[in-house]
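Have a look at the structure that comes next, please.
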Amino acid sequence: MTLNEFKKKAAWAALDYICPGTVIGVGTGTTVFYFIQALSAVKKIIYGAISSSNSSTVLLKKYGIKVLNINNFNSLDVYIDSADEINYQMQMIKGGGAALTGEKIIAEISKKFVCIIDQSKRVDVLGKFPLPIEIIPMALTYISREIIKIGGNPKFRKNVVTENGNIILDVYNLHIQNPILMEDKINSFPGVVTVGLFAKRSADIVLIGKKNGVEVIKK
Ligand code: 5RP
């Protein structure tokens, strides 16, 4: 089986976590693409969706799912998204698709974060996947220097402007032993919009697509 087939299995399993009549949060990426396809099969049971990115909005609308404005909601029951890496404490690196800011806002207001992954995303220590940071353009040199001081190797993501008009730094070479401390540290640099470490707001449920089914891990 391919990784895409594992992603698809996890995506379909996430339908079990949707309550009828509710508005759900929807992430971004290839795994979420499969989730949106799955969601279209049951779209009548939900009221609508809050989207984390323009690309997910386009897909949701294409599949006939109503997209609502997050600013009209104080909280959501469930947010369904994937991750680039997830450790055994359910803390994640996200932002490979540059949609980390929208993703973090939705995760923050959601009661439950259901993370759908293939097994390649599971790691002991976060950091092999370069950590994305959305920053405002004038902070590029300053933040790059600060990142080098904490042992990272920052690389400017070429040809990417986020939906908020910012840029992305991908940080290589990190071995993140304490994700909460690292999240706080990077958030403290002026000019950081969002760091793609989801350690303070980690996942609540992880669905891992595997050859013989879907493994469910709960906090
Ligand atoms: C996008 C994300 C995605 O969840 C992450 O990149 C995983 O993507 P995929 O499902 O394509 O492997 O954080 O910003």
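In case you wondered, yes, glycine gets a Cβ from its N, Cα and C as well.
Source: prediction; values computed, not measured.
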May I ask you to find which of K121, K128, K149 TrEMBL records for the substrate site already listed with T28, G29, T30, T31, D81, S82, A83, D84, K94, G95, G96, G97?
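Record source TrEMBL; matching candidate: K121.
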K94 (substrate binding site) has how many other Cβ neighbours within 10 Å of its own Cβ?
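Cβ-Cβ neighbours of K94 (substrate binding site) within 10 Å number 29.
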Against which stretches of its own chain does the transmembrane segment (12-36) lie, if we need a Cβ under 8 Å and a gap of at least six residues from its ends?
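Contacts with the transmembrane segment (12-36): 4, 42, 45-53, 55-56, 59-60, 63, 65, 68, 73, 76-82, 96-97, 99, 102-103, 106-107, 109-110, 112, 114, 116-118, 205, 207, 209, 214, 216.
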Which number gives the other C-beta atoms within 10 angstroms of the C-beta of A83 (substrate binding site), all protein chains shown included?
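Total other Cβ atoms inside 10 Å, all chains included: 30.
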Can you list which of the binding-site residues T28, T30, K121 have their Cβ under 6 Å from some atom of ligand 1?
T28, T30
